[in-house]
């Protein structure tokens, strides 16, 4: 019996363990006299959840207590030692956060409470009971959106355009800069609201006893040592230690996300932000503001300051392209100055190259693509709070999931029963259990709800309930006296198995061993049990049965996890529940049963910064286990960080305030359905449907979005390289004088230009027309990858530069033929400019058809309708402009060559020429991919083979599901 009681005590529910580790001395059952408090009636109805959580013995092993104390000390560093009546004082060891540890003398508050003078002194010392928040003014956020490598390059171009007084181009570039900056500001303004949500969740009023008088006051003025009243319906305004008195039930849903209340005893520490459900008691404030549980959570959230991964990718691309641009522009500028070109003229040409090298619409197109994708994710019940997280979601290869409410139903369900009386049935045991409740009234708690929902209540009305004793955490049972339809009077008891067994004199001796073994086996599997016993008049108490119940996995969770594994995303469970419960849940879900307890993890001190060696020291241990049990916010935070340091792209699900730091730290923070405001504010994605199944659908959608962005970046880099090299080569290698052109052959100038050039306005039109039309790539057809996505920038740049080289070769070849008069002899210089402009524009847009299909021909995947319409529009506008060029007057009466309209034969030739070279570009791209795969550059072949293999497995899984569905519908499947 002692061994059974000890095991049951180790088998503690998460919420009760939370209260124990918050300051309760676990070496004895808390007791204490009822004391007077502020005028109110102490609640007598007890939560039956307490029954579920208090089915334990009276002692905790020294090993467990030591483990509990270590965790408690790491989390509640602000608590000192305490005493309960005449019992010995249990001291907490001093923690690293010495400045946050309160002197026990602060807690020695008398019945009269603090005096006004002492309270003011402590307010000056500890500060207001508020969370500190570092607020960045919005104007600073707005200015920041116009700083960085890309904005700086655009500003340089704008300034130079102003210097040379090219006002049309100045206005165009300025507008583009404003559009990019405003979009970035709008996105940044939505982020970082987690601290604000925490602050808003503080309750403004508290009932405090000062100088012997109870009064309501602003909770922000509370100080350590204040005597406050906690009553049903009130919130807990600060971390406070419970004084002697009756236990109270507290709802900690805002902190933990758990929906069931927790019983708090003398010495337990109630956390700020929780709410009192039943009972009334006085408490002494132990911590305020930043020293509370909330404050530490806020500190963890504030410690996360990191640039989104997608921004890093864009920055890498920008740095590479700008570096190439600066080299090319420098060479060109030096060459022009050596050729004795006027400085402003040389500078104007450099501006053209700078503009050509900056993918102005890159952030706009990327943001639009993700915004369109976010709407699709919303259709899948996943609301995107941070657009950049879509890219991370596509590459997520590790998902750390909360258990309660995410993997499970967060609802206790009756599983089975074991009978211990002759001829007893499950229905009879349920009926006896229901008779020990107020079945004619709405269920007051979770356990009565569980029993009354499972029983047929009709026959119960034949019984008359003579007496009823509600659940008491001290007795750990519920009792009722009834008169049956036959007139016999009997008692029914339901409660903690070991408590009820001790009352069963009739069959305790005969069933004791089997009963204890059954309870132990259930506890090892994490299944809770409820004992039911009956005593008829003139007879002894007899154990009739044992009802078992647990929080079962959601019906779709097992298949969801299997699908996640198929798509290359590992899943680990992280829960505050007991190890046995976590292990049983993992077993049911086929996730493995290697569950790590929090005592194997290090203590995190956010004030000292995040250790850089977590991945090295604990990464392998964390990778090898299947889940984690009995964890606190710090543990979740460091688990995420250790995995990230090991190179994993980590997603984290959560719903409570305690999950907020980990959600913020994860690459993809996911607030599940029903999450608190704080969890939602810290998350990147908010789920609006229960369970985890929506996440796999979201991963698939995100990978499709990733494909579209990657295709656009290949296209954008290719076009940028193409434009840059075109202007560079046309400057160095193509001089109109060498081809026999004279001044009277060129419209708009009195002299032959020293090099071939397209007007700046022509280049700007190409950039605007093609880039903003290519926004439609957000709607293109793609095939989502079956493995997590990752940026292989070496492959991206290799393919893009090759596509650009083919296009430049086509343009240079046509330019040479046109200037040399080998095609359409007699063409004017202005018409040659227009022909080359049309060629550049068409080849630019044709490049997207090639770039959108990797390792295959462009016709292997159909174009999305919006992209097809945008292509037709852009190509048609380019063609029309080549016939009726209206921009020769732009820029005033400058002495520069004017482009002249083309005739139908010229346009037909250019179209045919560009289509031919586009086919060459596509064919050589396929050959290039085969070469890259042969050498397995950056694991490109390995990844493609893995993708193909997983795609086949997924297809087989889908086919099997369809076959099963058809069979259920009565369709014969061969």
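Using the three backbone atoms N, Cα and C, a Cβ is placed for every residue, glycine included.
TrEMBL: automatically predicted annotations, no manual curation.
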Problem set entry | The annotated transmembrane segment range in TrEMBL, which must be one of 678-698, 867-887, 930-950 | 867-887
Problem set entry | Candidate ranges 288-312, 313-337, 388-412 [criterion: TrEMBL lists as transmembrane segment] | 313-337
For this session: Spell out yes or no: are there three or more C-beta pairs under 8 angstroms between the transmembrane segment (907-928) and the transmembrane segment (713-735), with each pair 6 or more apart in sequence?
Result: no
Exercise. What stretch of 713-735, 755-779, 834-855, 867-887 shows the most Cβ pairs under 8 Å to the transmembrane segment (152-176)?
Worked result: 755-779
Exercise. Which whole-number mean pLDDT does the model give the domain 'Cation-transporting P-type ATPase N-terminal' (95-166)?
Worked result: 75
Seminar exercise, completed: Counting Cβ pairs closer than 8 Å to the transmembrane segment (867-887), the top stretch among 313-337, 755-779, 791-814, 834-855 is 755-779
Exercise. Which bits of the chain, at least 6 residues beyond where the transmembrane segment (755-779) starts or stops, bring a Cβ under 8 A of a Cβ in it?
Worked result: 166, 168-169, 172-173, 348-349, 351-352, 355-356, 359-361, 364-365, 368-369, 371-373, 708, 711-712, 715-716, 719, 723, 727, 730-732, 734-736, 815, 819, 833, 836-837, 840-841, 844-845, 848, 852, 864-867, 869-871, 873-874, 877-878, 881, 887, 890-891, 896-897, 899
